[in-house]
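Participant: This is the structure I have questions about; it appears just below.
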Amino acid sequence: MENTTSHRNILIKSLLGAVVMFMFAIFVLPPLYDLFCEITGIGGKTGDAYTATEVAVDTTREVEVQFVATNNATMPWEFYPVEHKVVVHPGEQKEIVFYAKNLTGMDMVGQAIPNVLPNNAADYFLKTECFCFNNQPLAAGDDAELAVVFIIDPDLPASVNTVTLSYTIFDITDREAMQVSQLQ
Amino acid sequence: MAHGPSESFFSRWLFSTNHKDIGTLYLWFSFAMFLLGGAFAMVIRAELFQPGMQLIEPEFFNQMTTMHGLVMVFGAIMPAFVGLANWMIPMMIGAPDMALPRMNNLSFWILPFAFAILVATLFMEGGGPNFGWTFYAPLSTTYAPDTVNYFIFGVHIMGASSIMGSINIIATVINMRAPGMTYMKMPLFVWTWVITAFLLVAVMPVLAGAVTMMLMDINFGTSFFDAAGGGDPVLFQHVFWFFGHPEVYIIILPAFGVVSQIIPTFSRKPLFGYSSMVYATASIAFLSFIVWAHHMFTVGMPIAGELYFMYATMLIAVPTGVKVFNWVTTMYKGALTFETPMLFSIAFVILFTFGGFTGMMLSIAAADTQYHDTYFVVAHFHYVMVAGAVFSGTAAVYYWLPKWCGRMYDETMGKVQFWIAFIAFNITFMPQHFLGLAGMPRRYADYGLQFADWNMVSSVGAFMYGGAQLLFLFNVIRTIGWGKPIDDPKVWEGAEGLEWTLPTPAPFHTFSTPPVLK
């Protein structure tokens with residue numbers, strides 16, 4: 001048939017289009033979503049480790065920072081903030097501690113995922129040190145004090161007087177089977 | 001060169017490259033899936049007939065709601081319209097067959113395997129998919145039964161089938177129109193299908209991407225949707241609805257096409273506003289890509305996002321309104337007769353518009369917080385999917401069946417079926433609006449006592465509606481086997497278009513030489 005090449009043309013172009021959309025779904029949409037959340041602060045994700053620079057402490061302003069700890073559905077650890085809230089000046093470096101205890105008879109690995117509310121504060125919550133940057137292996141019955149060192153950026157929007165830092169701790173023992181064997 | 005179909009039953013149907021035979025296969029397959037999905041719905045409604053647990057376990061109830069949705073969307077409605085496209089598009093544009101006949105065979109014959117895999121999970125340890133047809137992570141990843149891998153494989157096969165079927169339609173319409181059949185002379189069914197085909201090629205791969213990411217999260221330790229590893233379950237909803245919203249228009253656009261063929265025939269007037277219909281279809285297709293997050297107003301979007309998705313969604317009512325206006329105006333001052341296909345088409349226009357209005361209610365972000373995941377949503381999408389897609393599919397079968405097999409269906413039985421279906425449909429789904437507004441959540445096997453009365457009414461309607469489908473099956477089989485033979489090429493007095501210039505019943509090969517257009 002005289003149309004054969006043309007049929008094949010449409011077939012190849014359409015299949016290429018389908019492959020491009022498949023790649024788009026897997027390789028473009030997730031990073032695009034992360035980027036969007038990072039720019040807008042939606043999801044309350046905080047950034048990676050922040051290297052402290054000299055900033056003037058704004059002593060005229062006080063911000064209350066509250067701490068919340070949540071266990072994800074299947075996580076049997078004891079997990080809570082030692083202090084439930086602190087009041088800081090923007091620019092001031094502050095260290096606080098969360099307590100975690102593995103109540104089970106098994107060696108486990110936990111991973112805490114941070115979240116900051118309100119959303120427009122997420123970009124101004126700077127952590128120079130956080131246990132959430134790594135996962136937390138705890139042998140059976142062990143406990144640990146987990147430190148967070150943070151600075152509230154003085155550029156924090158004026159409307160925000162209270163910031164809530166929440167950690168949800170997940171059981172990632174299955175993912176990190178290697179580390180569990182090292183504990184023993 | 002006039003070869004008939006192969007003599008052997010197996011080689012005729014297994015190796016067929018004939019668009020009519022493959023169309024028939026698609027239609028029978030989709031009807032089988034329609035009955036299966038309907039049986040699942042009957043189980044759901046039987047359990048919900050009274051409050052409390054009577055017949056099945058809640059786990060099995062969840063599998064039933066999930067499988068009902070998956071089988072109806074991917075197994076019944078989509079293959080039904082692909083079947084109609086296979087039968088009608090070559091006949092409507094004056095082509096001898098589809099452009100890629102062997103791929104056509106492949107795209108049909110992988111479908112039964114996809115659904116065999118999917119349905120087989122019901123008999124496996126752990127049961128079938130139980131996470132809703134939208135398979136939100138982490139229900140479909142962290143908390144899914146082990147059989148989820150079969151589900152993923154099944155979805156991949158369905159996607160491949162749809163993509164191949166669509167490419168075939170695109171190639172046929174672009175390359176194989178008869179001389180003189182310009183784009184703006186194509187019947188509207190062809191137009192709606194070619195636009196649908198482009199939507200399918202664009203979004204079925206996104207669905208494949210979503211299930212592939214699930215597969216990797218479940219089996220290969222990635223964290224696309226797993227918060228513990230830094231992923232985000234909300235991302236799943238975005239990816240899913242980026243596929244899912246165009247998907248609902250994939251289902252309804254060919255239905256628009258069918259109704260746009262039938263209403264002019266029985267109004268004995270040309271379709272009012274043909275070109276506006278084409279542009280409206282294209283606008284709906286475009287808008288379908290930019291409104292997906294109206295399915296997820298409650299995930300915690302910023303107010304700007306909610307407002308954008310709300311207004312963009314409301315915008316869809318404009319081209320849809322154009323279509324409804326055109327159908328009504330086509331009927332205005334027409335010489336109307338009310339044969340079964342016309343009855344189903346008029347019911348389509350009325351009930352689809354009703355479903356469109358409840359959709360407008362749902363699009364209001366502030367109000368959606370109350371309606372979200374209630375029976376109001378269930379009622380809404382059954383008005384547009386059942387009274388939309390299924391009614392129009394039924395209308396299409398009654399409209400073209402005499403052309404296909406050269407025998408007339410029983411008009412009285414068709415009308416009886418219509419009235420039972422129309423009344424039963426409304427008895428089933430109208431009360432679900434009230435249940436939803438009163439706060440009954442969807443996808444639960446049990447409910448509070450205050451919802452008991454309307455649930456019982458709804459279940460009675462559902463059983464009646466199921467019965468009407470058996471009457472439909474009986475009427476179709478009776479027509480094919482024992483219907484009154486007819487040989488009028490036009491079948492219907494007011495029918496216009498190339499397919500009605502062919503002999504009745506339509507020969508195995510048609511338009512071996514292209515027709516001449518006036």
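Cβ atoms are placed via backbone N, Cα and C, with glycine included.
A TrEMBL annotation is a machine prediction, not a hand-curated record.
Found this in TrEMBL, in case it helps:
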type	residues	note
DOMAIN	B:13-518	domain 'Cytochrome oxidase subunit I profile'
TRANSMEM	B:25-46	transmembrane segment
TRANSMEM	B:66-85	transmembrane segment
TRANSMEM	B:106-124	transmembrane segment
TRANSMEM	B:150-176	transmembrane segment
TRANSMEM	B:188-215	transmembrane segment
TRANSMEM	B:235-259	transmembrane segment
TRANSMEM	B:271-295	transmembrane segment
TRANSMEM	B:307-329	transmembrane segment
TRANSMEM	B:341-367	transmembrane segment
TRANSMEM	B:379-401	transmembrane segment
TRANSMEM	B:413-434	transmembrane segment
TRANSMEM	B:454-474	transmembrane segment
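Let's see these features in context: how buried, what's close, how far.
Facilitator: Sequence-distant contacts of the transmembrane segment (B:25-46) (same chain, six or more residues past either end, CB-CB distance under 8 Å): 13, 16, 55-56, 61, 64-65, 67-68, 71-72, 75-80, 82-84, 86-87, 108, 111-112, 115, 119, 390, 397, 428, 458-459, 462-463, 466, 469, 473.
With a cut-off of 8 Å between Cβ atoms, the residues of this chain six or more beyond the transmembrane segment (B:66-85) that come close are 22-27, 29-31, 33-34, 36-37, 40-41, 44, 107, 111, 115, 118-119, 122, 128-135, 155, 158, 162, 165, 169, 189, 193, 196, 247, 250-251, 254-255, 258, 385, 389-390, 393, 396, 400.
If you look at the transmembrane segment (B:150-176), the same-chain residues 6 or more away from its ends with a CB under 8 A from one of its CBs are 74, 78, 82, 85, 89-90, 93, 95-96, 98-100, 103-104, 106-108, 110-111, 113-115, 117-118, 120-121, 124, 128-129, 135, 186, 190, 193-194, 196-198, 200-201, 204-205, 207-208, 211-212, 214-215.
If you look at the transmembrane segment (B:188-215), the same-chain residues 6 or more away from its ends with a CB under 8 A from one of its CBs are 81, 84-85, 88-89, 92-93, 135, 137, 140-141, 148-149, 151-152, 155-156, 159, 162-163, 165-167, 169-170, 173, 222, 224-225, 236, 239-240, 242-243, 246-247, 249-250, 253-254, 256-258, 260-261, 271, 274, 277-278, 281-282, 285, 288-289.
Long-range contacts of the transmembrane segment (B:271-295) within the same chain, counting only residues at least 6 positions beyond its ends with a Cβ under 8 Å from a Cβ of the stretch, are 184, 188, 191-192, 195-196, 198-199, 202, 237-238, 241-242, 244-246, 248-249, 253, 256, 260, 263-264, 301, 305, 309-310, 312-313, 315-316, 318-320, 322-323, 325-327, 329-330, 332, 362-363, 365, 368.
Note on the transmembrane segment (B:307-329): residues 256, 259-260, 263, 271-273, 276-277, 279-281, 283-284, 287-288, 290-294, 297, 301, 349, 352-353, 356, 360, 363-365 of its chain, located 6 or more positions outside it, place their CB under 8 angstroms from a CB of the stretch.
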Participant: When you scan the chain for residues with a C-beta under 8 Å from the transmembrane segment (B:379-401), skipping those not six or more beyond its ends, what do you find?
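Facilitator: Distant Cβ neighbours of the transmembrane segment (B:379-401) are 27, 34, 72-73, 76-77, 80-81, 84, 87-88, 248, 251-252, 255-256, 258-259, 261-262, 265, 339-342, 344-345, 347-348, 351-352, 354-356, 358-359, 361-362, 409, 414, 421, 425, 428-430, 432-433, 435-436, 472, 476, 479-480, 492, 499.
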Participant: Counting only residues 6 or more past its boundaries, what in the same chain has a CB within less than 8 Å of a CB in the transmembrane segment (B:235-259)?
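Facilitator: Counting only partners 6 or more residues beyond its ends, the transmembrane segment (B:235-259) has Cβ contacts under 8 Å with 73, 77-78, 81, 84-85, 134-137, 187-193, 195-196, 199-200, 202-204, 206-207, 209-210, 213-214, 224-225, 281, 284-285, 288-289, 291-296, 299, 323, 327, 345, 348-349, 352, 381, 384-385, 388-389, 392-393, 395-396, 399.
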